[in-house]
Ligand code: AMP
């Protein structure tokens, strides 16, 4: 998929927002939702999305929605820092398939990083699909820091 296209109401993140598939919530407000990535690149890998914007990517997105998503990104990154004490936090966002985007509802990645760990993005996460119970336990640790 290129930078241009029509928003698909059945994309995975739209289905999460519609309550049709589960996610491990970290934080939610009227305009944004943050949840753990199911194929984490690092421990605590989180995503932030807008609840109302139908932007596929950054170039499509309303400035208001972008500001809301970034404010939530900062909140969640702060809670992750308190919970997991990483050495660094990477914020990433991909636009178009050639840039690595696979889900076409704008999302921001929050990746806690530790000294000495690999820095890249592995296909399908570092260890494949995470165990839902382990994700929920991790989410509890992070949620306790808001
Ligand atoms: P991107 O490559 O920027 O489009 O990232 C999409 C991200 O969504 C990847 O890191 C996937 O592991 C993640 N992902 C896919 N399906 C789900 C899901 N059901 N719940 C949470 N994260 C997901």
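Just so it is clear, glycine is given a Cβ too, placed from its N, Cα and C backbone atoms.
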Candidate ranges 100-104, 105-109, 110-114 [criterion: TrEMBL lists as motif 'Histidine triad motif']: 105-109
Cβ atoms near residue 107 (active site, tele-AMP-histidine intermediate) (within 10 Å, other residues, all chains): 23
If I take every residue in the motif 'Histidine triad motif' (105-109) and average their pLDDT values, what number comes out? 98
What three-state class does DSSP give residue 107 (active site, tele-AMP-histidine intermediate)? strand
Could you give the number of helix, strand and coil residues in the domain 'HIT' (12-120) as assigned by DSSP? 34 helix, 26 strand, 49 coil
